[in-house]
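The structure is given below, and queries will be raised subsequently.
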Amino acid sequence: MVLKAIWGLLIILSVSSSWVGTTQIVKITYKNFYCPFFMTWFSTNWNIMFFPVYYSGHLATAQEKQSPMKKFRECSRIFGEDGLTLKLFLKRTAPFSILWTLTNYLYLLALKKLTATDVSALFCCNKAFVFLLSWIVLKDRFMGVRIVAAIMAITGIVMMAYADNFHADSIIGVAFAVGSASTSALYKVLFKMFLGSANFGEAAHFVSTLGFFNLIFISFTPVILYFTKVEHWSSFAALPWGCLCGMAGLWLAFNILVNVGVVLTYPILISIGTVLSVPGNAAVDLLKQEVIFNVVRLAATIIICIGFLLMLLPEEWDEITLRFINSLKEKKSEEHVDDVTDPSVHLRGRSRANGTVSIPLA
C-alpha cells in the first residue's frame, strides 16, 4: 500500500505536469503557427509508438519474455478471439479514431478562443457527460450525488460563458471545449460498450492501432486543408518542429501515464492528476499574465472542479460513509464507558484503604 501510494503521488504529478505542458505548448505554438488540424494529426501519429514503449517495458521487467509478434497477438485479443483482422480494423478502429481526432481538434480550437485555465476546467466536465451517457446507454446505477455533480458542471459551463459577458469568442470557445469533453465521454462509453475493459498491453495495442489508422486514412485531410489554403504554411522548414514535437511527445506521455497509472496505483489518483491540471494551468497563466480571474470565472472553475471530484465517489459511497460514522460513534461510546469506569475503580480503591466501601453514583 505504501509503494502504491508513492507511485500514486508520482503519477499524479506526472499526469498533471504532462497535461499542463501540452496545453501551454499549444498556446506558445499559436503565436507563430495556427494549424489545429495538422497539429492534431501530427500528435495522433505519435500514438504508433505506444505499443513499442509497452513492449520495451515488458522486456525490461518480465521474467518470461515473449517475441514481439507473440505479444502483439496476445494483446490483439481486445478485438476478439480471432485478434485483429482487416474487417475489425476498419469496423472497430474507424469510429474511435474519428472521436479521438474530434476530441483533440476541438480542444485545440478552444485554446485559440479561451485561456488554458478555462479550457482545462471545461474539459473536466467530461466526467459528468460519461456518467449521463453511461446511465442512459449502459444502464449504469443511478446516483443522486452524480446528478448533482452533472448539474454543477452545467452551471460552471454557463458561468464560464457569462464571465466574459457572453462575448462571441467566449461562447464559441466554451462550445468547442464542451464539444471536446462530450466526444471524449462518448469515446469512453463506446469503448466500454464494444470492447469492455482492457489491460495495459491491450490499451497500448489499441492506441497504436488508432495511430496507424490516423496515418493511413486521415492523412488526406491535412493535405486538402493545405492546398485549399485553410491551413497553410510557407515551407516545411518554417514549421515550429520543436513545439510540435514537444506537444506530441507530452500528449503521448500523458496517454501512457494514464494507462500505466491504473496498473501501478489506484485509478482515482489518475483522475485527481487530471483535475490538478486546472490549478497548474492557472498558475502558469497568472505568471504569463494571460488571465484575469474575476469572481464569476473563479467560481465557475471551482464549481466544475468540485463536480469533477464528486464524480470520483464510489457507487457505495453512502454505505461507506454510514459505516464510518457508526464506527466513530462506537469508538466514542467505548471511550465514554472507559472514562466512567476509571474514576469508579479509583474511588473504590480509596474507600477500601480507609476501611469503608463506597459505591459511586455512576
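Each Cβ is built from the backbone N, Cα and C atoms, and glycine gets one as well.
Look at TrEMBL and you will find 7-161 tagged as domain 'EamA'. What TrEMBL records for 6-26, 33-55, 89-107, 119-138, 144-163, 170-191, 203-227, 239-258, 264-284, 291-313 is transmembrane segment.
Locate each feature and note its surroundings.
The list of residues near the transmembrane segment (144-163) in space but at least 6 beyond its ends in sequence, with Cβ under 8 angstroms from a Cβ of it, reads 118, 121-122, 124-125, 127-129, 131-132, 170-171, 174, 178, 294, 296-297, 299-301, 303-304, 306-308, 310-311, 313, 317.
Residues 95-96, 99-100, 102-104, 106-107, 109-110, 112-114, 118-119, 122-127, 129-130, 132-134, 137-138, 157, 160-161, 163-164, 198 of the same chain, all 6+ positions outside the transmembrane segment (170-191), place their C-beta atoms under 8 angstroms from a C-beta of that stretch.
Among residues of the same chain six or more beyond the transmembrane segment (203-227), those with a C-beta under 8 A of the stretch's C-beta atoms are 35, 37-38, 41, 44-54, 72, 75-76, 78, 84, 89, 93-94, 96-97, 100-101, 195, 233, 255, 259.
Proximity of distant same-chain residues to the transmembrane segment (291-313), defined by a Cβ-Cβ separation under 8 Å and at least 6 residues beyond the stretch ends, is recorded for 115, 117-118, 121-122, 124-125, 127-128, 130-131, 143, 145-146, 148-153, 155-157, 159-160, 162-163, 268, 271-272, 275, 278, 282, 285.
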Counting Cβ pairs closer than 8 Å, which of 6-26, 89-107, 119-138, 264-284 has the most of them with the transmembrane segment (33-55)?
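It is 89-107, which has the most Cβ pairs under 8 Å.
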At a threshold of under 8 Å on Cβ distances, which of 6-26, 89-107, 119-138, 264-284 pairs most often with the transmembrane segment (239-258)?
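So the stretch in question is 6-26.
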State the non-local partners of the transmembrane segment (119-138) in its own chain: residues 6+ outside its ends, Cβ under 8 Å from one of its Cβ atoms.
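Beyond its ends, the transmembrane segment (119-138) has Cβ neighbours at 19-20, 23, 107, 110-111, 146, 149-150, 152-154, 156-157, 160, 173-174, 177-178, 180-182, 184-186, 188-189, 192-193, 271, 274-275, 277-278, 281, 300-301, 304-305, 307-308, 311-312.
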